[in-house]
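Listed in TrEMBL for this protein:
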{"type": "BINDING", "residues": "A:89, A:94, A:130, A:134", "note": "[2Fe-2S] cluster binding site"}
């Protein structure tokens, strides 16, 4: 558990403190999901077991309490992912507006299947359930932001921007 | 008449200055001179029904809140908007964050909450910044923090991000999640009003519901209650999507006909490419899908309107529900089997796994639907599907089971011939869609 490589910066630790202070005394477990977001963003986009153990120690809860939560919520990755995760919605309203075609196009273009990552570690394709952008379909989540009204051309542009390092994701 | 989105297009309305200049925060000034009970009374008089989907009267819900001596109480804003077809709360939070904050201040005062939480779905990752800025601005201007407007009332509002779980829109699952746990719904009773977050009395209300407290206080509960039709008072945000020329978020009056909402240029502007209307799910994916002929008119042949009573006219046999206002339109080229299959996959993915009928049943329904859609279905699968959904409904701790069962039941009820066609024509079903058949858009084809 004492993995010294895994350590938040002083600034991040301040943020953790600020998050814990939002909840009543002794209810620091409530900070778990926000702190896991912070951890996932800090430690390579996924939650390795030592990272979860570190979060448990910060919140003074048992590691199993962290594993339970990390494996329940879709946004937490318990395996490594690419730098750019294309989370393409495929639920009803997006399906009506051609999400199947967008997913197929990304598969062909990047040579990966849903759930896979490109060998260069740049892209992961992760079909998603409804993301609340049904009127602007088809769409995907890319990091912190939504990319809506997707077309093949728009997907090309997004991939290009990612490859050239010009895509803002946080 | 617009009560929520009236100022949505004013430049800079996202920020305090423009919001305040256009009448913002008046309801706080008014409410903090009233007693909490008087505010609850106004909300009761308004007839406001919860805008998250269930439609439970908000004032009544507030009146259930237990007030034991010395125990803090909390208001929690449900911003976990995840019902397929629904994106109205996102619009409110993105473009009118101060309207929500204003509603939260008044509601927190009425309920006696000194620490109020906005539980927002994790995927809306850019919105917490917008809300936190609005909170900071309100604080800088004396509407939040200690001793608000010199009344002695203290309030902090915190934004709490979830991490991707539809089930956390169910209020007890949301509470569990806010406590840092898996989103497993609790067995009720005890109800949140008695033992909610950290076992303290808690009220959980939807974003739109809480934003609506602002016009209710400004105009008075009675005046608000006089707007609308019957028990559908005020106005409602509808998020329209699917095959529509102008999808988006609309604030509608309750006396608007469904036909006008879909076809009028003032609203959704009709269906693209001259296609005909096949079916609609008017209140978010969980409510029954209805064919065009039962959408625009009730079974009795009366005009159907965009309100709670009219949409549910005929019960589940021939009607549906207003639900969350997630309005999904399917044109003649859409396949009801495939659409239902995507929804079944959604519910399978989102089931928390606590209750066997839902955990096992949602996956079972998806697998049957996938077989039928892919030309591998048998005739008896349709009856099996009906049987599975029937055994989920009403047999789970929370309403996710019902929400998963209803879309499947309604699809079979109204579109059984389309399911049978898939079974009888497995190869053809891979090549083309069934089409509109007898669901006939009544605007163009007489109903047999």
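Including glycine, each Cβ sits where the backbone N, Cα and C put it.
Positions of TrEMBL features highlighted on the structure.
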| residue | record | Cβ neighbours (10 Å) |
| --- | --- | --- |
| A:89 | [2Fe-2S] cluster binding site | 30 |
| A:94 | [2Fe-2S] cluster binding site | 31 |
| A:130 | [2Fe-2S] cluster binding site | 30 |
| A:134 | [2Fe-2S] cluster binding site | 31 |
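Following the DSSP three-state reduction, the secondary structure of residue A:130 ([2Fe-2S] cluster binding site) is coil.
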